[in-house]
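Here is what TrEMBL says about this protein:
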BINDING   Lys121, Gln184, Gly216, Asp247, Lys390  UTP binding site
BINDING   His217  substrate binding site
Amino acid sequence: DFRKAMSQAGTSQFQEVIRQELEYSMKVELDKILATAPSNELEHTKKDLEGFKKLFHRFLQEKGPSVDWEKIQKPPEDSVQPYEKIKARGLPDNIASVLNKLVVVKLNGGLGTSMGCKGPKSLIGVRNENTFLDLTVQQIEHLNKSYNTDVPLVLMNSFNTDEDTKKILQKYSLSRVKIYTFNQSRYPRINKETLLPIAKDVSYSGENTECWYPPGHGDIYASFYNSGLLDNLIAEGKEYIFVSNIDNLGATVDLYILNHLMNPPNGKRCEFVMEVTNKTRADVKGGTLTQYENKLRLVEIAQVPKAHVDEFKSVSKFKIFNTNNLWIALSAIKRLQEKNAIDMEIIVNPKTLDGGLNVIQLETAVGAAIKSFENSLGINVPRSRFLPVKTTSDLLLVMSNLYSLNAGSLTMSEKREFPTVPLVKLGSSFTKVQDYLRRFESIPDMLELDHLTVSGDVTFGKNVSLKGTVIIIANHGDRIDIPAGAVLENKIVSGNLRILDH
């Protein structure tokens, strides 16, 4: 035992020496990069690299999955409240004064590359030529007009989206919404083998674009604070932010949740509310809320030990997942940020660059900070508050007659007999938005659709109607044209079907 203990001590000492050497090498490289910063970017770059250094230090300290599976418990009954209970309290007469304490924050760091688009994802057209950003502005403008309030919109951009977003913001100059932006940090990607930055200087254009990355939405706390915007909003009397992904079209301001925050039934305000919703088979990888060491904690699939991944995905054991719609007290962000007390697990995201180089980027997730806040709460909201558009399959749903658009908000059509969304799987010929749009002369009627799978070279004529389960498969070399006005109900279409123009 003595020998074993000695060898373990030796191993941990050795590991400690390696860690210190890696940190020192990293510091040297970051100092070299900082030395290339022009004077007008020096302060900003310094803050970014300091933040990265802290994250890298923690990355070297952590070993293996960051949760002890045995300690994971179901959240206590009262820590995840049903939305119906929150709504049943009704609204006070002074809802306008409550709304005036709110700021809407949209996470706008992502590009539309996965859907074949250049530039910010928020500028993709999703409904009647309206982009994600248009719909967001329309929603808040409608609120401000209806209640005579001043709810501002804040966009957290990344260095990838900032310039294009700012150009487009001019078109809203006459709208009744104050719009602010701040940039999340810019961190260096590191070589998977050497654990050193691949960037040699601060530039991030041309061939250097691949050297840098925005470090996930968990960066919101530090970058919001560093931008000075957090203090300005607190000085204006704002108290809560409602944070959500800009591509979640269900994430609109909910007055009942806001009222619950501002006028809590027990008199004790929550500093952090996470909207969760019931899992379906499509959401098994979503992060879930658990009780861990007497605190509410978000557990992501990446933190789960391999032996327990299937259990984590189980819809019966973990019934809810995080929608990333979050309500957070501004004063709490300020307090925790100043104490350096926001604790979020590190997500190690491996990437292979175009030239074949393997890199890793260290990220954090905004919801993971829930355990650092006091009196946190989960609210189990209807599925309609989670309507993300990640793929053209999602885009088809929100463009269709399943939804109607009113003041920037999408609501499920009353003509649909059941409130669940059809399962849609479009094949690789539809991945890019421009290819997808070319394949539909008009968006089919989908009110009675349950399931649609399309694979291969398929096009849809005008006024097609899809009902029940429809599967359309064009094998390699074949092409299927669904004729105008066709009604497909519980049909499997395969082979070759060309509609010739006569």
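Cβ coordinates are placed from backbone N, Cα and C, and glycine is handled just like the others.
Remember, predicted model here, so these are calculated numbers, not experimental data.
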Quiz prompt | For Asp247 (UTP binding site), the number of other Cβ atoms found within 10 Å of its own Cβ | solution = 22
Exercise. Please give the greatest C-alpha separation between any two of the UTP-binding residues Lys121, Gln184, Gly216, Asp247, Lys390, in angstrom, as a whole number.
Key: 21
Quiz prompt | Surrounding CB atoms that lie within 10 Å of the CB of Lys121 (UTP binding site), all protein chains | solution = 24
Self-check item: Of His217, Lys390 (the binding-site residues), the residue whose Cβ has the fewest other Cβ atoms within 10 Å
Solution: Lys390
Quiz item: Cα of Lys390 (UTP binding site) to Cα of the residue listed as 'substrate binding site': how many Å, rounded?
Solution: 16
Self-check item: Alpha-carbon spacing, Asp247 (UTP binding site) to the residue listed as 'substrate binding site', which is rounded to whole Å
Solution: 14
Quiz prompt | Distance from the residue listed as 'substrate binding site' back to Gln184 (UTP binding site), taken between C-alpha atoms, in Å | solution = 8
Quiz item: When neighbour density is defined as the number of other C-beta atoms within 10 angstroms of a residue's C-beta, which of the binding-site residues Gln184, Gly216 has the lowest density?
Solution: Gly216
